[in-house]
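Working notes for the structure below.
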Amino acid sequence: MNQMVSLTSILEHNQRFVSEKKYEPYKTTKFPSKKLVIVTCMDTRLTELLPQAMGLKNGDAKIVKNAGAIVSHPFGSVMRSILVAIYELQAEEVCIVGHHECGMSGLNASSILEKAKERGVEDSCLNLLTSAGLDLKTWLTGFHSVEESVSHSVNMIKNHPLLPKKVPVHGLVIHPETGKLDVVINGYETELINNHS
């Protein structure tokens, strides 16, 4: 592996970037100008595509990334980030943006655990985690339908006891080649239904 080559290259580029003041066009505040927090996937195809497809530029939104755009625990780091964005950083809406052809679709925990063993993680470590109550197979399992996964995450956020009831939570799926967005859940419509019931 060429870790040192990558880090060296990054640091060389960074030195030029700073000395040539290439950061100037990216200056903004920590507050998202579009009052939006987005949870999306770490897929490399979305790095530039997603902001372009959503009409976002630097400073418009808080973007939280993880494997699969999944909110897997109501008190995990993703949910904490959403709450911080809302209460401390002036975000007023949440978008979960999953994508087609996601690596988390059909992810098999056994495959990951085998690869971990091949790279030096010992059975004794896995056994210790299991005996401590961690269900590795569930924790490392993906989803079967991106739409269902997005809906599940939206519902977990929307029903969180610390989320203000008036915050719209949208669920979208993006195509990683074209950037086409499909709406799974329109948070405005959900809000209208809740206000009339």
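One-based numbering along the chain as shown.
Quick reminder: no glycine exception, Cβ is built from N, Cα and C everywhere.
Taken straight from Swiss-Prot:
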type: BINDING; residues: CYS41, ASP43, HIS99, CYS102; note: Zn(2+) binding site
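Residues THR40, MET42, ARG45, LEU46, GLY68, ALA69, GLY98, HIS100, GLU101, GLY103, MET104, VAL146, ILE174, PRO176 surround the recorded Zn(2+) site, their Cβ atoms falling within 8 Å of the Cβ centroid of CYS41, ASP43, HIS99, CYS102, which are themselves excluded. Proximity of CYS102 (Zn(2+) binding site) to non-local residues of its own chain (separation of 6 or more, Cβ distance below 8 Å) is seen for CYS41, ASP43, GLY68, ALA69, GLY142, VAL146, given in sequence order. Neighbour counts of Cβ atoms within 10 Å were compared across the binding-site residues CYS41, HIS99; the minimum falls on CYS41.
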